[in-house]
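The domain 'Kinesin motor' annotation in TrEMBL covers 16-347. TrEMBL lists GLY103, GLN104, THR105, GLY106, THR107, GLY108, LYS109, THR110 with the feature ATP binding site. According to TrEMBL, the region 'Disordered' annotation covers 376-407, 704-743. The annotation compositional bias 'Basic residues' is assigned in TrEMBL to 708-720.
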Amino acid sequence: MVQGAEARMKGNEAETVKVVVRCRPMNEQETANGYKRVVDMDVDRGVVEISNVKGAETDPKKTFTFDAVYDWNSKQLELYDETFRPLVDSVLNGFNGTIFAYGQTGTGKTYTMEGIRDDPEQRGVIPNSFEHIFNHIARSSNQQYLIRSSYLEIYQEEIRDLLGKDQKKRLELKERPDTGVYVKDLQQFVCKSVNEIQHVMTVGNQNRAVGSTNMNVHSSRSHAIFIITIECSDVDEKGRGHIRVGKLNLVDLAGSERQSKTGTVGDRLKEATKINLSLSALGNVISALVDGKSTHIPYRDSKLTRLLQDSLGGNSKTIMVANIGPASYNYDETITTLRYANRAKNIKNKPKINEDPKDAILREYQQELARLKAQLTQRGGKKKKKKKQAEGDVDEAEEEEESSVDMETILQQEKDLEDERNRIQNDQHMIEEEKQQYLMDMKNKEAEIVAAKEAQEKLMGRIKTMESKLLCGGKNIIDHTNEQQRALEQRTQELLEQKRREREMLQLLEKEEESSCEIASTFSSLQQEVEAKTRKLKKLFAKLQSVKQEMGDLHEEFCRDRVDLQHTQDVLTRELKLKALIIENFISPEEKRKILSRAYFDEDEDVWKLRPVVRQTGGTLKRPVSSASRRPTSEYAKMQASLDHNPRYKGENIMVVEDPVRTTRDWEGPVVAPRVAAALEAALMPIDDDLSIDASLATLNRSQAVRSTRKGKTKGKFKSGIRPPSQVPDSSLYPKSRGLVPK
Ligand code: ADP
Ligand code: MG
């Protein structure tokens, strides 16, 4: 018995996923529309009963049994204390823990996980766990804690860091053999108090809303995961320090309702198929886990299942909250949710305390702190050490200590220096020069001391910041609850535990009763036997009916799924055919072969990739040829090539390095015949008047309208050009404008 308890504490035992169901109250609209409530809950027995709205009135109710059920009157704190508190306690002890909220949109997943933060009564699991964690630390003794938090979202199979600076960035999943799957570059914030961690959550929630046009649609299609990592260092009986690391995943899943895919094509279809991919993969993982026959668990099928691999069938304690609505029109979704949850009950996990993992940040912090503190050791101590080490090995840290002096010594030195200065200044026997020299030396010394002081202060500041991040009971956080209250809390916990055990017993008893029906019993009279057997028959008949109904339902659901899948398959096949057609007709087989040989599937990123082109090694490299055949050479070129050495006619574009033949000439200017030159000279004679054009005279004789009005010399301007004629040619040379043409 003791051994069993110890094993449970250490976590060597397998345990199933805990499943609880919560039904929200009817909302105003449902009441106004007069919907009937079809859900009945027996909180004591942990049973949910659903009246069949589709069948006859007399049809038996569908019943499901869970670890706990919470009806519309349940309070947030009640849920927390009874169900979630033990899990968070385990995380504080170094276990991994996960809480999922699953269910149709609008049934209270977000209400259960987050609730209404400003109202202490209506706060959900996440804010309540903050309070719980920091209170636990405040009450601890001889332990150091480091709390970190991250917040991410998976939307359409893309991971977004809700605390990241760049909200457009998408993160990748990576895997390490020692620590498993993790999100690369995910921000983690060290939180020192409830306020700080709440702030982290608020920032994340704000980022979640940004970038979505409709928050309700967005949140019902995306999964949000808040992760709290708790590292705790402890000292065992032998005085050795240990670090335990617990990770708490708080998951608000996307709405589980069927997203209609019918009639969508292209990007819309892609979106529709991706929306619930993670959720259907989660269902497949659960099925494979509880099936018992599957050797392969399809964790890799989606980002969500990969990330939460440990929570399902691995090293984690897991609770699933299945949220349902009470009204009749939600019947189908409610039944589907309950079936899903019912299957999840059978998943077996193997949680264990994560002791002294390699990647504990707390250890790094402690080592860094120890190093910094070593730097602060007293100078006297250092000197002694130095003497010792002069004989043997020399430590690296020693050199760093050189620059560090403890605060007291610095202050003493400062004081000594001041005294000395006063003494020198008052010394009448000293020569002025000597005095100045002394004072100069002192100034240098003073600067040295100031520098040492600054270094010291910086070091102390760093130590302080680091220490403030490590939380200890009673020091960093103040817990206001008094002893009496604590005792009361403990008592409540015990009571709740008792209640839980009672429910378990009751469920066990019911099971036993059912099976004992089949055990043959002796009857004193025939009449008694008939009665007993009729009763048994009736019971079994009812059971048969419900099983038959269940079979029908399941078949119906299966058919619906099949139609959906078939539709998706049709569309994908069509797309595939189109692509194959394009490849077949427009891409050369050689290219296709090359690409196929380079293609490989990257399991980490879940995409096909191309390997880089590798040059064939070995053998001489061929000179690349621009085209398959040589450029055709004309007959003329061939002839010229034989006569002339001008490289222009060479077949190859090779530069002739030796005896370069010049193929260009210096520019010598045009040779102008003397007559032309004389004519030009005459034409270029300076004109006194400038040119002005009077547009108003357009109708007059053009030779009159254009008058030369140019002033100054223009010679030289037209040195090489053609001079405009001094006399404007007769207007008859040009076409006349017609002016406005009457209609
Ligand atoms: P989901 O996240 O599943 O889409 P919400 O948590 O947003 O659903 O809940 C939808 C509405 O129902 C919210 O207005 C919420 O306040 C209300 N609600 C859900 N569960 C409860 C409950 N147990 N008690 C009171 N109100 C609830
Ligand atoms: Mg929600």
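Numbers run from 1 along the shown chain.
From the backbone N, Cα and C atoms, a Cβ is placed for every residue, glycine too.
Within the set of binding-site residues THR105, GLY106, GLY108, LYS109, THR110, LYS109, THR110 have a CB atom less than 6 Å from some atom of ligand 2. Sequence-ordered, the extra residues of this chain that approach the ATP site, with Cβ no more than 8 Å from the Cβ center of GLY103, GLN104, THR105, GLY106, THR107, GLY108, LYS109, THR110, are ARG24, ALA101, TYR111, SER220, GLY255, ASN323, GLY325. Taking Cβ-Cβ distances under 8 Å and a sequence gap of 6 or more within the same chain, the neighbours of GLN104 (ATP binding site) are GLY255, SER256, GLU257, ASN323, ILE324, GLY325, ASN330, GLU333, THR334, THR337.
The average pLDDT the prediction assigns to the domain 'Kinesin motor' (16-347) is 88.
By neighbour count, meaning other C-beta atoms within 10 Å, the densest spot among the binding-site residues GLY103, GLY106, GLY108 is GLY103. Counting other Cβ atoms within 10 Å of each Cβ, the lowest count among the binding-site residues THR107, THR110 belongs to THR110. Sequence-distant contacts of THR105 (ATP binding site), defined as residues of its own chain at least six apart whose C-beta falls under 8 angstroms from its C-beta, comprise ASN216, SER220, GLY255, GLU257. In sequence order, ALA101, TYR102, GLY103, ASP252, LEU253, GLY255, VAL321, ASN323 constitute the residues six or more apart from LYS109 (ATP binding site) in its chain with CB-CB distances below 8 Å.
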